[in-house]
Each structure stands twice: as structure tokens, then as C-alpha cells.
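Take a look at the structure set out below.
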Amino acid sequence: MPSATTASTNGANGASASPAPGNLSANDNIRRFAAPSRPLSPLPAHALFNDKTRCFVYGLQPRAVQGMLDFDFICKRSTPSVAGIIYTFGGQFVSKMYWGTSETLLPVYQEVPKAIAKHPDVDVVVNFASSRSVYSSTMELMEYPQIKTIAIIAEGVPERRAREIAYVAKKKGITIIGPATVGGIKPGCFKIGNTGGMMDNIVASKLYRKGSVGYVSKSGGMSNELNNIISQTTDGVYEGVAIGGDRYPGTTFIDHLLRYQADPDCKILVLLGEVGGVEEYKVIDAVKQGIITKPIVAWAIGTCASMFKTEVQFGHAGAFANSQLETAATKNKSMREAGFYVPDTFEDMPALLKQVYDKLVADGTIVPAPEPVVPKIPIDYSWAQELGLIRKPAAFISTISDDRGQELLYAGMPISDVFKEEIGIGGVMSLLWFRRRLPDYAAKFLEMVLMLTADHGPAVSGAMNTIITTRAGKDLISSLVAGLLTIGSRFGGALDGAAEEFTKAFDKGLSPREFVDTMRKQNKLIPGIGHRVKSRNNPDLRVELVKEYVKAKFPSTKLLDYALAVESVTTSKKDNLILNVDGCIAVCFVDLLRNCGAFSTEEAEDYLSMGVLNGLFVLGRSIGLIAHYLDQKRLRTGLYRHPWDDITYLLPSLQQPGPPGTEGRVEVQI
């Protein structure tokens, strides 16, 4: 049997001794379990599970697996019941699960043969494969002699396939639980998948220790109700199986009740049948023949079917009476006549079960065991938070979008309204960047900026970097980033600086001449002033477009007017010291923030200090950089190498030998 590899243990379940606080590492909270040295001893013929049962879970079902491990932990098993996961759609990896409050790693296998070879102690498979693939996966699993029990969870398995599975399983001596089942449970030992519900329900139903009552039902949901009834009226469940609601289950009532009959620890049998099928009559025959002698408390659900004028299909595929013999009323009558304990209604079942239990306790057949200490339930953090038991500060805060509901929200605006109201890219930017709707002219201005800054030809540094990177064979993201990384104070990034300097001078009340003189005395260039190509006589049409729009639409253009006055001063000195597109956009954006009515003075200053203006240039220029990438790819251009004649080489030369102490000096000759 595999065992935990921790060297020293204390407490329940062999919990690892706490390491010294100064020696903690990321792996100190992970429990590891050694592989088994040999297969387990075979179980008695009547037993499917014990406290050493190990299984595979077929399919990626982390919640079900975690529920099984939590059950193992509170039952004080020494090892997890799940040895590994078989998931055919991914490579081999490990899945991290909780073992109590620690963590453990479960192997995930892509192929059944590898899983079987690694775990000779596994004899149970919980098959979560879909109805389309469950047939092939189950048939494959049954090829391995070590597999003795398979639970098929899927609903909708074709009846012919279900009958084939049952036939092959019977021939090979394999027990099939399902299809269309929640599974089964053996308290204190093993549970299949999601059987028993959540951990608080399992503890409330006392499924962490064995009782004396074995039940079998068709319905998985009703098996949960039986767990509750049995825990309140007796010493608890010994074993419970839901055979599934399909018409052709792999095993039937009689198969499991015969196992319970052969098990000396199971004292009372409970049968919960339903309308449809004739499996209850096999149990009746076994009782009449004396094969089953233990008391059976039984009920067939669906007595209300007689109230309808026509036959009614209930929830399960097999819950349909094709004859009078298959009706719930006839079944209950036949079971009562055969000596079963059958209540008048399902509501009377708990009282009748308690009556039978008390009788067996009185005659000494059942000796109630002392009630053990109720185990502590490990609670997932998310579940505890949902119940309001704990609180924790969030690691991140987002105030711009929310994808948790049925519809994506941009700053509280549903995405459907974004399209319905046709707010455009500028409107979306206003919602996500500024968390509010800006006036239409402001949204239009944002779009205008993106269009004007989208590209400025292949010669600028950003485009050149993108082109060279693309021609080196790099991908789109790498080529785009190569161009974006050139954006700064010298290329494209003058917007924030221009906004800061012009705003500071304007707010101080400096005249345009005083502003220019102040910057000259500080030996600073004025951001947003000057162009390498354009001049007063050869104006930048982009600037003209911005000025024309802003003058026509903005309620106030005080800072733009101030910048144009500064331009008059600078161009009197040199013709190309014009207000360039960066400077024009910057001062107009400040006018927008201050005068559109959507921002307070403090908010306007905050957004400027955040670098929102450079964000406009980055967003706009990304369009052009991607265009240059696509252009070079489309042209199938090769690796770029710069020509030698465009490079001036100035290499150092070593000085001729001279006086001692001058060795190794380097002179640069120009």
C-alpha cells in the first residue's frame, strides 16, 4: 500500500511535522505518497470497496476528485483513494489537489496502459467520459484484469451499448455501476465521484464512519435523501449504491442486495425502486426462496402515475411502465406480500426504518458503536468566502470593466449598448480610459488623434525598427514592440512633456516671450516645438486639421491660443520651430480636459501626470507599425544589412612605444 513519504508525522492522517519558520519553502505544504510495492490483496467476493481501495478517475473532473480526496481525509485514510487521472486529450502532467489543508500532486495520464502499469493496486475506475466515448473507454478498461469495478457516470448512453458493456462485464467478472448514476459510497472507506454531495452534507449524514444499513436505489438524487434518512433513524449507512436510471443498468438491485446479504457487517437492507422495469421482482423471488434473509425496507417511487389517464415518462429513461406489473403500486403491493417492510407512503419510510432498526438493536443483532469525534471539515477558501466566513483584501482592483455577468460591461455600460448607441472607438476609449462618457466632439477628437498619429512613413525610427525586426524573421508582436520601444522624449513621446511645459507656463501667467526666454536660460528645448522637415512656409497639414477642428468644436482653446503665440516667437528666430503635431495635440487635449465639463481640475491634472497623452500616440502609432510589419511580410523582404558606405568607421589605434608607463594607452585618430 502506498504511504506518505514524510519522515516524521503527528496528528490525524499523518500530517507532516511543521518545519522551522526560518526553513519554509514552496514545497513544505505538499504531501507526497510513495508508489505501491505490490498489488493489494483481493477483496472478498461480496465487497467492492474497503479503506485501501484505489481508483482512476477517467476524465478531467477536478471538483469530483477533490471531493473524493476530502472524503478520504475526514475518513482518516492513510492515502488518497484516487491514484491518478486518465485524460486522453492532454499530455502527461500532474494535477494539484488538496489533502486536508496540505496539497498533493496526482499524476494525469494520456494513455490507459501507462496508468495501469504505474498503479498495480488500482482496481476501480470512475468513468466520467461522455455518452459518445464512454463505450470505447469502458471496453478498453475492461481489457485489464486488475480492474474489478467501473462506475459509468454519463447519461444518454445508447441502450444497445449499455447492454454490450453489461454482457462483457458479466463475462469478465467486472461490476458495472451505471450508466446514468451518481455512483455509490462506502462510509469510512470510499466514495465514487460526487456521491454524497458537499462535505457538510457528508458529515451531517455521518458518512465518515460505517453503519449497519446497506441501500440500493435507482436515483442518485434520492440516494442522497436515503443517506439523510438512514443517518437520522439508524446508526448510519454501511454501503449505498445508485444503479442509475437507465433501462439497462450494468448491475441491478439483486446484484447489490445479494452482496449485502453475504456481508456479515450489513444488517438491514433498503431498496428504493421506481416505476418501470421488473428488477424488484428478482429481489422478491430471492426473498421467497430464502436466498435473502435480512430485513428489507423497500419502496417503489411513482405511485402517483395511476392518477394520470395515460402512461407518463418520469425523469429517468427507465421510469416508464409498459404493463401493470411495472407500476409502482403493484411493486409495493408485491413486496409487502413477500415480507418486505413497505410503508404506506414514502413519508412513512423513516419511521418504519427506525422501527426495524430498534428491533434489531433490542435483540442484539446490531450493537451500536460509540460515536466518534466529528472530523473537522477542510473548507475551500472560495467556498468559505461565499458563505461569509472569512474576508481578504483583493489583490487587484478594477474599475473599468466587468466580465462576471451575462454581459460584458465597459465602465458600467453593457457592450450591447456600446454598439446600439454607436459610440465608436472614441466612446470606448472614453469609457475605459476615463470611466465616463465624454461629449461626442471629444470622442471624435480622440479618434482624430489616432488617425493622425497612425503613421508617418517608413523613415521614422519606430517604423524603421519594426521594418528591420520584421525582415529579421520575427513575429508580429516582437516587431511591433521593437518599434514601440523607440517612443520617448525624442520620438513621439513629446506629448506629455509639451502638455506639462505649456500648461505650467500658462498657469504661471508667463507671456509667450517670457516662456521662450525661460526655457532658453534653462538650456531646455521646448517640447512640441520644431520639426525636421516642416516649417512656417511648409506647414504640417496634420496640425492644420487639428487646429481647424478644435477651433470649431471646443468650448475653449486658451492653451492652443497660447501655444500658437509661442510659435510666433520661435518661428521669428528659425522658420522650422513651428508647433508640431505632438505639441498641437498636447495643448488641445489639455483644453479638452479642462473645459469639456467631464473632469474636475484635480482629475485633469491627474490624467496628465499619468501619461495619458503618450498613450494616445502609442495606441495610434501601433496601427502604422502593424501596417509596416504586414507590408514587409507581404513583400517577402529579406534580412536587412546596412551598407558600409553609410557608416563612418572611427577605430582606435595603439600608440607607438614610448616612455615607460605609457604602454597600452589608446589614441583615437580623426
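Placed from the backbone N, Cα and C atoms, the Cβ positions cover glycine too.
Positions annotated as active site, tele-phosphohistidine intermediate by Swiss-Prot, on the basis of similarity to another entry: H316. What Swiss-Prot records for 257-277, 308-334 is ATP binding site. The Mg(2+) binding site annotation in Swiss-Prot covers E274 and rests on similarity to another entry. The CoA binding site annotation in Swiss-Prot covers M335, R336, E337, A338, G339, F340, Y341, V342, P343, D344, T345. For 1-22, the entry in Swiss-Prot reads region 'Disordered'.
P343 (CoA binding site) sits 14 Å from L269 (ATP binding site), taking the C-alpha atoms as the reference points. The Cβ of Y341 (CoA binding site) has P295, I296, V297, A298, L352, L353, Q355, V356 as same-chain neighbours under 8 Å, each 6 or more residues away in sequence. Just so you know, of the binding-site residues D263, E274, E337, the Cβ with the fewest other Cβ atoms around it within 10 Å is the one at E337.
Least crowded of the binding-site residues (L257, L269, V275, A329, M335), judged by neighbouring Cβ atoms within 10 Å of its own Cβ: A329. Taking a C-beta cut-off of under 8 Å and a sequence gap of six or more, S323 (ATP binding site) has no contacts in its own chain.
P343 (CoA binding site) falls outside any helix or strand according to DSSP and counts as coil. Around G339 (CoA binding site), the C-beta neighbours below 8 angstroms that are at least 6 residues distant in the chain are V287. Cα separation, L257 (ATP binding site) to E274 (Mg(2+) binding site), rounded: 16 Å.
Distance between Cα atoms for M335 (CoA binding site) and the residue listed as 'Mg(2+) binding site': 13 Å, as a whole number. Cβ contacts within 10 Å of T345 (CoA binding site), excluding its own Cβ and spanning all protein chains shown: 9. Around P343 (CoA binding site), taking its Cβ as the centre, 18 other Cβ atoms fall within 10 Å, counting all chains. L269 (ATP binding site) sits 18 Å from T345 (CoA binding site), taking the Cα positions as reference. The DSSP secondary structure for A329 (ATP binding site) is helix. V275 (ATP binding site) sits 14 Å from T345 (CoA binding site), counting Cα to Cα.
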